[in-house]
Amino acid sequence: MPYIVDVYAREVLDSRGNPTVEVEVYTETGAFGRALVPSGASTGEYEAVELRDGDKDRYLGKGVLTAVNNVNEIIAPELLGFDVTEQNAIDQLLIELDGTENKGKLGANAILGVSMACARAAADFLQIPLYQYLGGFNSKTLPVPMMNIVNGGEHADNNVDIQEFMIMPVGAPNFREALRMGAQIFHSLKSVLSAKGLNTAVGDEGGFAPNLGSNEEALQTIVEAIEKAGFKPGEEVKLAMDAASSEFYNKEDGKYHLSGEGVVKTSAEMVDWYEELVSKYPIISIEDGLDENDWEGHKLLTERLGKKVQLVGDDLFVTNTKKLSEGIKNGVGNSILIKVNQIGTLTETFDAIEMAKRAGYTAVISHRSGETEDSTIADIAVATNAGQIKTGAPSRTDRVAKYNQLLRIEDQLAETAQYHGINSFYNLNK
């Protein structure tokens, strides 16, 4: 039997040069799993806790030796002898060992590393791909990539308020072609920006981070790049935005301060603005359009745009079934962003995806801005037939690692692989 004989964590670096947790799980059969934990820059206040050491003399306080020690000294002894294929039981033990609502004792970064490494070891023992282990034989849907090609907000050092402007190749016949389309548009955008004398350095997620005259100029420039690449905006390629509005929401006056444009808006004015942008550009998805605590604003946005635009809750729902349940009950949003480190275990992650699907919400599997070479989220996207993945631009190895894994999975699935394109938006009246 694949009993766990050793669990070992170490401190490694993520794509921003900050420490993160890597966990290895060994079994008596020789099966092995390794996982690396991502980290966010714009984080929701209700996310599970990521433990940092706080020692300013070491990695500017961002070390994770406390989380590493929690794995090696507290979690590891408790897991010895466990059957590594008992994912639910392992995750439940991790939750109980922590004993807090927000994983604040052991750290979500410690717990998630163990949860993912166990799943990889189990797949290794069974000699099957990770997506098949996690999802079963019916795991066959390749996701539409949501590719962040213009970065702003907390992800870039520029004057753009909206955090992410993305393209979605909904008209592609398969994932391989979707990735090709995205890559060609990415390179087309670089030439468009260069021709305008704009910066073509990239941000945390691989997208370009130029200073622009307005947030709307980002949309105009992307549409120009799509056309220059030979594709049709609105037909073959849709646009998506992640406003990450909590980052420019002012709690004191309850308004949204778009400092890049020198504009201050109320919730209702933000909704009006989004409605105007949707009428002018082929936008199919808006994430965190309002602050995570502005539920009235989110409800208004859903009433106005929820039938024709995917409204994704990230900071709003934080991959948490309690928060998602509240949103479903109150008619807020129609989609959830899934980030494994927001909740801390694979079991809880899959629970959130299931709840979303039962309610007719879509689930978008997502990376974090601080990433690694770990490609687990690519397998999760296929395992759950989620239909959408958000993992940055086709640039930087930490992003491309996920896309390359999806190419491998599509090859493995061969003729059984499916790519639903525009039909991935089953929550909209198309």
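Counting begins at 1 with the first residue displayed.
Using the three backbone atoms N, Cα and C, a Cβ is placed for every residue, glycine included.
A quick note: this is a predicted structure, and the numbers were derived from the prediction, not measured.
Here's what Swiss-Prot has on this protein:
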- 1-140: region 'Sufficient for secretion' (REGION)
- THR141: phosphothreonine (MOD_RES)
- GLN163, LYS339, ARG368, SER369, LYS390: (2R)-2-phosphoglycerate binding site (BINDING)
- GLU205: active site, proton donor (ACT_SITE)
- ASP242, GLU287, ASP314: Mg(2+) binding site (BINDING)
- SER259: phosphoserine (MOD_RES)
- TYR281: phosphotyrosine (MOD_RES)
- SER325: phosphoserine (MOD_RES)
- LYS339: active site, proton acceptor (ACT_SITE)
Using Cα coordinates, what distance in whole Å links ASP242 (Mg(2+) binding site) and the residue listed as 'phosphotyrosine'?
-> 15
Could you tell me the C-alpha distance between LYS339 ((2R)-2-phosphoglycerate binding site) and ASP314 (Mg(2+) binding site) in angstrom, no decimals?
-> 8
Of all the binding-site residues given, GLU287, ASP314, which has the fewest Cβ neighbours within 10 Å once its own Cβ is left out?
-> GLU287
To which of the recorded positions THR141, GLN163, SER259, SER325, SER369 does the lowest count of other Cβ atoms within 10 Å belong?
-> SER259
Recorded positions: GLU205, ASP242 - member with fewest neighbouring CB atoms within 10 Å | ASP242
Please work out which residue of LYS339, ARG368, LYS390 has the most C-beta neighbours within 10 angstroms of its C-beta, and give that one of the binding-site residues.
-> LYS390
Among the recorded positions listed as TYR281, GLU287, ASP314, the Cα nearest the Cα of GLN163 ((2R)-2-phosphoglycerate binding site) belongs to GLU287
Argmin Cα dist to SER259 (phosphoserine) over the recorded positions GLU205, GLU287, SER369 returns GLU287
Recorded positions THR141, GLU205, TYR281, GLU287, ASP314, SER325: which have a Cα within 10 Å of ARG368 ((2R)-2-phosphoglycerate binding site)?
-> GLU205
Within 10 Å of the Cβ of TYR281 (phosphotyrosine), how many other Cβ atoms can be counted across all chains shown?
-> 18
What is the separation, in Å, between the Cα atoms of ASP314 (Mg(2+) binding site) and SER325 (phosphoserine)?
-> 14
Just give the helix, strand and coil counts over the region 'Sufficient for secretion' (1-140), going by DSSP.
-> 55 helix, 27 strand, 58 coil
Here the Cα-Cα span from GLU287 (Mg(2+) binding site) to LYS390 ((2R)-2-phosphoglycerate binding site), rounded to a whole number of angstrom, reaches 11
Determine, to the nearest whole angstrom, how far the Cα atom of the residue listed as 'phosphotyrosine' is from the Cα atom of LYS390 ((2R)-2-phosphoglycerate binding site).
-> 20
Recorded positions GLU205, SER369, LYS390 vs SER325 (phosphoserine), shortest C-alpha separation belongs to LYS390
